[in-house]
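**Student:** Pulled these from TrEMBL:
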DOMAIN    23-87  domain 'LysR substrate-binding'
Amino acid sequence: MMKYLRHMAVFVQIVESGSISQAALAKAGAGVALIPDFLCAPLQEKSQLVNILPEYTFSSVPVYAIHAFGHQPPVLVKRCISAIKEEITDLSKASRGIDG
């Protein structure tokens, strides 16, 4: 029995909505990705990602904290949400070069 080998050019398109996955795919050379600054900054510092449109910015997107405690979450949940807000704010400011 004879076997035939045939090479074909194919087009692959990947649609991924997770920012971490998008960053990994872009780093692997799979294409262009829209990634939050705080995720790509460390990769840019290591020259693993390049900002191809530095003059182009997008509007901010909302971030939600989801919990199962209704309108009165426990104090520890409130503190955790506050800490997350503060960290996101700090990361956002740092990625834009804003002190404080």
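Counting begins at 1 with the first residue displayed.
Yeah, the Cβs are placed from backbone N, Cα and C, and that goes for glycine too.
TrEMBL: automatically predicted annotations, no manual curation.
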**Student:** What mean pLDDT does the predicted model reach across the domain 'LysR substrate-binding' (23-87)?
**Tutor:** 86
**Student:** Just to be sure I understand, if DSSP states are collapsed into helix, strand and coil, how many residues of the domain 'LysR substrate-binding' (23-87) fall in each?
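**Tutor:** Tallied per class, the domain 'LysR substrate-binding' (23-87) gives 27 helix, 0 strand, 38 coil.
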